Structure formats: structure tokens, C-alpha cells
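Read the structure below first, then the notes.
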Amino acid sequence: MDAYDQITRNASEVVTEDEVRSLAEDPDGKRAYVGYEPSGVLHIGHMLTANKLIQLQEAGFEVVVLLADVHAYLNGKGTFDEIRETATRMQEQFVAYGLDEEHTEFVLGSEFQLEENYALDLHALELETSLSRAERAMAEIKGGDTVTVAHAVYPLMQALDVVYLDVDLAIGGMEQRKVHMLARDTLPSIGEDAPTCLHTPLISDLSTGVGKMSSSSGVSISMEDSEEELREKVNKAFCPPSRDPDPDDDGNARDNPVLQIFEYHVFPRFGEVVVERPEKYGGNLEYDDYESLAADLDSGELHPADAKGALADYLNELVAPGREKIREQRS
Ligand code: IYR
């Protein structure tokens, strides 16, 4: 796989392709980042962008994780002290997941976002941005029912983070894309470059295959799930015995979350998959890539129940170190 393919593997979109190609020419020492509003427990959405960071480390990038405490505060997630404490716990869980501290720079937003220059640049961006544009950018991120002034400031700060963290590539789930587009449009007005962005897909709801799996609604997978809980959630997951005929069609097509988790979580971290089956049902199946596993589910060679059994095993392995860490944090 060449550097460009490695960087863009499993991405839903990159903005722009040319800019990412130029980063891929010499990835060594380039900086990429993801920002997370601190929350108590990592869930599968955090793990998806973390997988991308791990892949980028393998491609030679320096990786920055922003623990966006001020953003979480602006988004109504609690008192500042509570959020700070959560940030520490979240950092430990990321390390347990595989973002080791030696190769990952963890930064708290409040370390630089409260400085004078940052505040003045923020006000300059405020002058350049209409309220309605800021509100639109926040549609998929905003917590709570009321739109507040804080929600208008939030995306502008996210834009400035790219400048102050001096990163070459901003990563986020597809729900971040409007904030990133706003950043691309407004940063040049204060003399800064438009950031290059990479967006990861959203995994559909585990039980229905419709909408996105999130921690606030529906069934989500998190680092605190026990092995039994994981098995139960995966066993109940929507997994038709063939894949979505057109994964790009967002209409009414239901996605297959079991396949998505194989594609975005299991293959990137394990490289290959073994589905264990008793000899009388044909014996074990081994897959070197996602496509061959999905093809076997399509053809009926791989039964959904066997796919789910294997998925629960691999997920359990991914989650186990973080689960252990959470146990320590609570004791
Ligand atoms: N908006 C993100 C959190 C966030 C991301 C980045 I990239 C920042 O620079 C700051 C905050 C979220 O929804 O979690």
C-alpha cells in the first residue's frame, strides 16, 4: 500500500485529495490531530478516529490528541473542573487502546486556548463569520436543545486549533465536516492556510443499521462493556446475510454495522481475521482482508452468527486493556 492509500484507508472523504497527496509525498514528521470533548468512557466512535491516528503514526506522522476541555464546556458538558478530571481519564484510556504516550502528544485545550493571542485571533474570526454559518456548522455537534452564543464560538475555536497546534492534517468523523469547511473558508481571512482534512465514516446504529451509532441513543459499544455485554450487543446487531447493495446510497438502505466494525475496527488493528467454526460446519475461515470476508457473507459461505461470534472476540480484545484501566480508575 503506498503512503496515500495508507493515509486515506477507510476515510469517507479527504479535503482536498491534492493536498493529501502532497502530504503523502513525505509524511515523516507531518502532524495530524483529532480533538475530543472529554467524556468519561471511550466509545466506538472515539476508537474509529484513534485507529486512523494509529495508521498515521505507522505512516510516519506525528500525532496530536487534543482533549478539548474548553469545547466540552462551551457545549454544556459540565463544570470546568468535572471536564478536566474526565480529560485525564480519557487520556489514560486512549493510551490503553494503543496510542502510546511516547508517540502521541496529548494537549489540553485550556493550555493554549485562554492565551491573549488566541483570544484576539478568535475575535478576528468572529468578525468574519455570520451567526447562521456558525450555527449550521454545529448542527451535528451541538449538545442540548438551545443554541447559545457559546455554540457560535465553538467552531471558530476549532478552526484556530489547527493553527495553534501547528498541524498539517485535521481528522474527524463526518459530523465534523461543516466545522472544517468553515475553518477552510475563514482561516485565510486572518492570513492562515486552509486546513487539510480527513473525515472518517459514521458507523450505523448497531441494532437497526439506520442512523449513526452514538453513545447518547441506541446501542453503542464502549470501553466499559464486559465480554458478556459485548457478546449480547453483537448478537442482537442487525446483520442481514448479505451486504448493503450500495453503501454510498444514504436513502433508505440499511447498512450492516457488523461488517462496518470488521472493516473499520478489526481489520485495521488485527490485519487478518479467523472465524472459528467446528469441523462439521466446514472448519475455520481465514481472511486477509475485509473484502473477502464481506464476499463470503454475501455468498452465504459465512453465516451471520459465525461472523458475530468472531466480531465479539475481536472487539473484546480491543476493549480489554481500556476496560482494565477504567476498573483501576474507579477503584
Ligand atoms: N468538535 C469535536 C471536538 C473538537 C475537535 C477538534 I479537531 C477541535 O480542534 C476542538 C474540538 C467533537 O465534536 O467532539
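Any Cβ shown, glycine's included, is placed from N, Cα and C.
Spatially close to Tyr154 (L-tyrosine binding site) yet at least six residues away along the chain are His71, Leu74, Asn75, Ala134, Met138, Ile141, judged by Cβ distances under 8 angstroms. If you look up TrEMBL, you'll see Tyr33, Tyr154, Gln158, Asp161, Gln176 marked as L-tyrosine binding site.
Residues in the motif ''HIGH' region' (38-46) partition by DSSP class (helix H, G, I; strand E, B; coil) as 3 helix, 1 strand, 5 coil. Marked as motif ''HIGH' region' by TrEMBL: 38-46.
The motif ''KMSKS' region' feature in TrEMBL is assigned to 212-216.
The ATP binding site annotation in TrEMBL covers Ser215.
Among the binding-site residues Tyr154, Gln158, Asp161, the residues whose Cβ lies under 6 Å from any atom of ligand 1 are, in sequence order, Gln158, Asp161. Long-range Cβ neighbours of Gln176 (L-tyrosine binding site) (same chain, at least 6 residues apart, Cβ-Cβ under 8 Å): Ile141, Gln158, His199.
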